[in-house]
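Enquirer: Take this structure first; my questions come after.
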Amino acid sequence: MEPPRGPPVSGAEPSRAVGTVKVYLPNKQRTVVTVREGMSVYDSLDKALKVRGLNQDCCVVYRLIKGRKTVTAWDTAIAPLDGEELIVEVLEDVPLTMHNFVRKTFFSLAFCDFCLKFLFHGFRCQTCGYKFHQHCSSKVPTVCVDMSTNRRQFYHSIQDLSGGSRQQEAPSNLSVNELLTPQGPSPFTQQRDQEHFSFPAPANPPLQRIRSTSTPNVHMVSTTAPMDSSLMQFTAQSFSTDAAGRGGDGAPRGSPSPASVSSGRKSPHSKLPSEQRERKSLADEKKKVKNLGYRDSGYYWEVPPSEVQLLKRIGTGSFGTVFRGRWHGDVAVKVLKVAQPTAEQAQAFKNEMQVLRKTRHVNILLFMGFMTRPGFAIITQWCEGSSLYHHLHVADTRFDMVQLIDVARQTAQGMDYLHAKNIIHRDLKSNNIFLHEGLTVKIGDFGLATVKTRWSGAQPLEQPSGSVLWMAAEVIRMQDPNPYSFQSDVYAYGVVLYELMTGSLPYSHIGSRDQIIFMVGRGYLSPDLSKIFSNCPKAMRRLLTDCLKFQREERPLFPQILATIELLQRSLPKIERSASEPSLHRTQADELPACLLSAARLVP
């Protein structure tokens with residue numbers, strides 16, 4: 001029997017605390033929750049269950065009245081239960097085990113599942129695959145859920161649930177558009193869907209772990225993800241029925257059948273069916289491990305919209321609107337202009353986020369997370385300074401040549417880092433370069449090929465995107481399927497250098513945008529180098545000319561650009577402090593020779 005799910009739909013805010021309720025939890029644990037008016041049992045026990053790796057969907061709650069247990073619905077109001085005792089038990093059909101931890105040295109690249117830091121010496125559960133540092137052991141869920149025995153049946157049987165009353169709750173039945181657009185009968189259902197984590201469907205049968213101490217088990221399902229109790233019940237029943245009908249083919253001889261395992265808790269040292277499998281080659285195992293991810297890493301970087309507060313609209317660009325927001329401090333939130341994203345766009349966007357989340361550089365805006373509901377949005381650090389465009393063309397800030405060259409060096413350094421990560425900016429311009437806390441350069445709005453590409457249904461269109469003044473000729477012509485390259489970023493960087501060395505924008509004498517596009521694309525128009533400052537070094541002038549070459553093969557790449565600017569900086573004349581000792585604060589006695597002072601002391 002499964003208890004009713006979900007709290008009552010109510011728009012009222014929870015009021016003050018009125019009492020407490022004592023709750024007995026699985027694994028002989030207990031807690032005390034605060035009773036608040038307007039809250040349900042579901043809401044009150046939500047945090048206590050999640051920190052223990054449990055979920056309301058796989059548990060049932062009872063009221064303890066005169067020593068007898070009475071089933072209670074999760075949507076029952078908590079206020080009338082003030083002073084009573086509740087008991088939470090795990091559903092019988094949910095296969096739970098205790099952790100089986102072993103000490104392990106990870107010779108291959110591994111990261112802790114909790115602090116996400118590099119892991120070399122640590123511990124690993126041989127049942128569910130959790131790996132962690134010793135100091136992270138307090139964060140490990142107490143209960144271990146082993147889905148390896150019925151995961152294959154889960155995917156084959158998921159289609160049979162399409163006619164059930166809870167079809168909309170099956171993870172595999174949710175389309176991407178439903179995930180991206182909030183919809184549902186109640187606000188609470190919408191809030192729960194934001195935290196829902198669906199199991200990734202594998203292309204091949206799941207690879208069971210071969211008992212070894214050389215590689216971690218990266219394809220086990222985590223216990224912290226919410227699980228649907230009806231799916232687990234259906235899976236366990238169908239698996240046990242199928243195994244009995246095949247007469248033992250479903251499990252190796254000498255090992256406990258999945259049906260017997262699902263009816264109770266396994267021993268920590270019980271053997272898995274995978275132990276009887278023949279060892280496969282290391283190469284084949286690595287291929288399968290790549291196909292079967294243990295957990296989508298984007299799960300840790302997607303931010304629920306309810307946690308982000310938009311404060312002020314900063315501006316609107318070619319690909320979205322930037323807001324100042326609050327999320328654990330001041331952040332910049334860029335809401336991207338993607339109306340009704342398709343499944344292909346959603347997957348491409350998430351793939352890009354996996355690349356951007358690994359960017360860490362002093363000259364790059366820090367990527368902090370992303371959102372997919374109700375639309376695409378990116379969260380980055382908040383930069384207090386203004387953009388380079390504002391300094392040069394609005395505020396008319398005066399920089400000396402040494403400062404201009406240093407800004408150019410930092411910009412080249414940040415772009416060199418992005419290109420080393422195989423990230424093409426596609427929209428480098430002075431508006432996307434910020435001067436943070438003085439003259440520290442921060443490059444923003446990088447990557448985002450999914451958003452910066454025009455789409456027609458599921459296929460990208462071959463149309464130029466970006467700002468015209470910083471657009472290379474090959475990007476304007478769009479003769480190649482993908483004209484964006486490292487060299488197209490170099491051209492845009494050349495235009496930024498032109499702004500630094502002239503203090504003005506190129507083509508300011510031409511008012512027609514279409515005329516600029518036509519003439520630059522044909523090679524008839526290029527920035528006027530006669531406007532460069534007279535004190536600009538010759539090496540910088542040559543570099544500027546090379547970056548603005550019409551043929552992209554003739555443009556240098558950022559490692560060469562950075563080396564040129566660093567060499568130029570070292571060759572600039574500097575006013576160095578004298579190595580001699582200053583004599584500004586000497587007393588008159590200090591100027592006397594030492595021999596005279598010693599002679600004076602000898603006089604009686």
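The backbone N, Cα and C atoms fix where each Cβ goes, glycine too.
Taken from Swiss-Prot, the feature domain 'RBD' applies to 19-91. Annotation source Swiss-Prot lists zinc finger at 98-144. The annotation Zn(2+) 1 binding site is assigned in Swiss-Prot to H99, C125, C128, C144. Per Swiss-Prot, Zn(2+) 2 binding site is recorded for C112, C115, H133, C136, and the stated evidence type is similarity to another entry. Annotated phosphoserine per Swiss-Prot: S157, S162, S186, S255, S267, in sequence order. The phosphothreonine annotation in Swiss-Prot covers T181, T316. Annotation source Swiss-Prot lists compositional bias 'Polar residues' at 210-222. Residues or ranges marked as compositional bias 'Low complexity' in Swiss-Prot: 252-265. What Swiss-Prot lists as compositional bias 'Basic and acidic residues' is 272-287. Here Swiss-Prot flags I314, G315, T316, G317, S318, F319, G320, T321, V322, K334 as ATP binding site.
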Enquirer: Going by Cα-Cα distance, which of the binding-site residues (C125, I314, V322) sits nearest to C115 (Zn(2+) 2 binding site)?
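Expert: Going through C125, I314, V322 one by one, the Cα closest to that of C115 (Zn(2+) 2 binding site) is C125.
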Enquirer: Near the Cβ of H133 (Zn(2+) 2 binding site), how many other Cβ atoms are there if near means within 10 Å?
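Expert: H133 (Zn(2+) 2 binding site) is surrounded by 18 other Cβ atoms within 10 Å.
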Enquirer: Secondary structure at I314 (ATP binding site) (DSSP, helix/strand/coil)?
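Expert: Its secondary structure by DSSP: strand.
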Enquirer: How many Å separate the Cα atoms of G320 (ATP binding site) and C112 (Zn(2+) 2 binding site)?
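Expert: Counting only the Cα atoms, the answer is 35 Å.
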Enquirer: Just name the winner among C112, C128, C136 (the binding-site residues) by count of other CB atoms within 10 A of its CB.
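Expert: Neighbour-count leader: C128.
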Enquirer: Can you check which residue among the binding-site residues C115, C125, I314, V322 has the largest number of Cβ atoms within 10 Å of its own?
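Expert: That would be C125, with the highest Cβ count within 10 Å.
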Enquirer: Could you tally the C-beta atoms, other than its own, that fall within 10 angstroms of the C-beta of T316 (ATP binding site)?
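Expert: Total other Cβ atoms inside 10 Å, all chains included: 11.
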Enquirer: Rounded to the nearest Å, what's the C-alpha distance separating H99 (Zn(2+) 1 binding site) and C136 (Zn(2+) 2 binding site)? Just drop the number here, would you?
Expert: 15
Enquirer: Do me a favour and check the Cα-Cα span between T316 (ATP binding site) and C125 (Zn(2+) 1 binding site); whole Å is fine.
Expert: 49
Enquirer: Find the one among the binding-site residues C125, C128, I314, V322 whose C-alpha lies closest to that of C136 (Zn(2+) 2 binding site).
Expert: C125
Enquirer: Using the Cβ center of C112, C115, H133, C136 as the Zn(2+) 2 site position, which other residues in that chain lie within 8 Å, going by their Cβ?
Expert: D113, F114, L116, K117, L119, G122, F132, H135, K139
Enquirer: How many other Cβ atoms sit within 10 Å of the Cβ of G320 (ATP binding site)?
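Expert: The answer is 21 other Cβ atoms.
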